[in-house]
């Protein structure tokens, strides 16, 4: 039996990433979630009473362990790999996979290696001048369900990290409620 995290990793590796302008969004709610430029953690927290993070992976990986695209974007550097499940009211909502290059780790006063179960978005977007670019979106079948995903670079203090998010079946991205 394959672990859920391994299934989610494979899903992100197999997505045909597209620019938002080329992607056919299933509805306006999904579009607003996928195009969110600020903290996804903050946005998720507005949809539940209790947002929590379960940390699955928090260790260094060599460039050869990255996909070709990841290695190119991150200049073939050793990276901190952080994999989490974000939960709203104890429901699995988002699988998050973040790669932080060694050069970015060294240039920050924040210790990302000890971020623990604090949502990354809370740290990044509390930093002045943080922003997101290079947004790509996609959809993939996972265990018979079409799951939406996005990936982008987050910039904090002028240094990048690569973030990919797979929206799990119980995520509010799939609700029919229009965004506020």
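Note: Cβ is positioned from N, Cα and C throughout, glycine not excepted.
Just so you know, TrEMBL annotations never went through curation; they're auto-generated.
Record note: TrEMBL gives 82, 165 as substrate-binding, and the candidate from 44, 46, 118, 120 in that site is 120.
Around the Cβ of residue 165 (substrate binding site), a 10 Å sphere holds 25 further Cβ atoms from the protein chains shown. Residue 120 (substrate binding site): 23 other CB atoms within 10 A of its CB, across all protein chains.
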